[in-house]
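**Student:** One structure is given below, represented as structure tokens, and several questions about it will come after.
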Amino acid sequence: MKVLNFGSLNLDYVYSVDHMVAPGETLASSGMNIFCGGKGLNQSIALAKAGVDVYHAGMIGEEGGILLKACKEGGVNADFIKSIPGKSGHTIIQVDKNGQNCILLYGGANRSITKEYVDEVLAHFEKGDILLLQNEINMLDYIIDCAYEKGMMIILNPSPYDDALEACDFGKISMFLLNEIEGGQVTGETQTDRILERLKEIYPEAKVVLTLGGEGSVYQYKEEQYRQGIYKVKAVDTTAAGDTFTGYFISSVIDKMPVQDGLALAAKASAIAVSRQGATASIPLRDEVLNVRL
Ligand code: RIB
């Protein structure tokens, strides 16, 4: 069984600010760093650091060498990553004094995925293999349809949520990992319990992991439900905390760990990520997650 993550790779331009800049305001930042990120790359690196053999597919632009390097150094198989002319995906991220962020995304090369490229990559995978997706690349609907045809198990993190997701057949998804806002966007509900109930009604065969920020997370599959709290740490930078959770939880599924243990492992890994700067740079290795006391 092989694991493929078809997703974004971004250069994150991260600015430290007192507060998020307001409309019409010019705000001086107190620091700036460039980190490797992108929900796709972050989740691939989280999977690899959790001990999973993972292939990443996606596109980078002319200045994307550093992203390729980070991918390889993070232990991810980068053979399918394609370099194309033009700019890589990038973000402008403000991180405030509480470690909270807001992110402006430029898709760049992430939005240049073609049907030919999808076909070329998926030709290397087969029935029973796992496909992980987020919503920072184009062609998501096509990728889902092709992977489903092949019998791959499709896991979707519908983030960031936008209209492109409306074109996707969510009935083909085996597992959703999403936060409460995304859960609300998928279901039209606002209360946690209603979001979970509605997801079960619309996608009865799908497993769901709903993250609830400071309230932790919930796993749901049919009548089964498990809840997990957070590990409290001083937040330095929340960027990639959700991606770390996603990668680690999926690793626990691959390792056939009990759900409650998988949720705890993912919560601990994401707490460590929150306590550090940057996206891929903040993702801990499995040994650290297992041994740290929080
Ligand atoms: O989830 C965090 C990621 O979202 C950042 O690394 C940034 O690139 C954006 O895609």
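Every residue, even glycine, has its Cβ placed from backbone N, Cα and C.
It should be emphasised that the depicted structure is a prediction, and the values quoted were computed from it without experimental measurement.
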**Student:** According to TrEMBL, N10, L11, D12, G38, K39, G40, L41, N42, D243 bind substrate; which of E136, E149 is also listed for that site?
**Tutor:** E136
**Student:** Using a Cβ cut-off under 8 Å and a sequence separation of 6 or more, which residues in the same chain sit near G278 (K(+) binding site)?
**Tutor:** D12, V14, N33, F35, C36, G37, D237, T239, A240
**Student:** State the count of C-beta atoms found within 10 angstroms of the C-beta of K39 (substrate binding site), not counting that atom itself.
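**Tutor:** Its Cβ shell of radius 10 Å holds 27 other Cβ atoms.
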**Student:** Looking only at C-alpha atoms, tell me how far G214 (ATP binding site) is from S282 (K(+) binding site), rounded to the nearest Å.
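**Tutor:** Taking the Cα atoms only, G214 (ATP binding site) lies 19 Å from S282 (K(+) binding site).
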**Student:** Give me the Cα-Cα distance between E136 (substrate binding site) and D243 (ATP binding site), rounded to a whole Å.
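**Tutor:** A Cα-Cα distance of 13 Å.
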**Student:** Using DSSP reduced to three states, classify S282 (K(+) binding site) as helix, strand or coil.
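**Tutor:** In three-state terms, S282 (K(+) binding site) counts as helix.
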**Student:** Based on a Cβ-to-ligand 1 distance below 6 Å, what subset of the binding-site residues N179, G214, D237 would you report?
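**Tutor:** None, as no Cβ falls under 6 Å.
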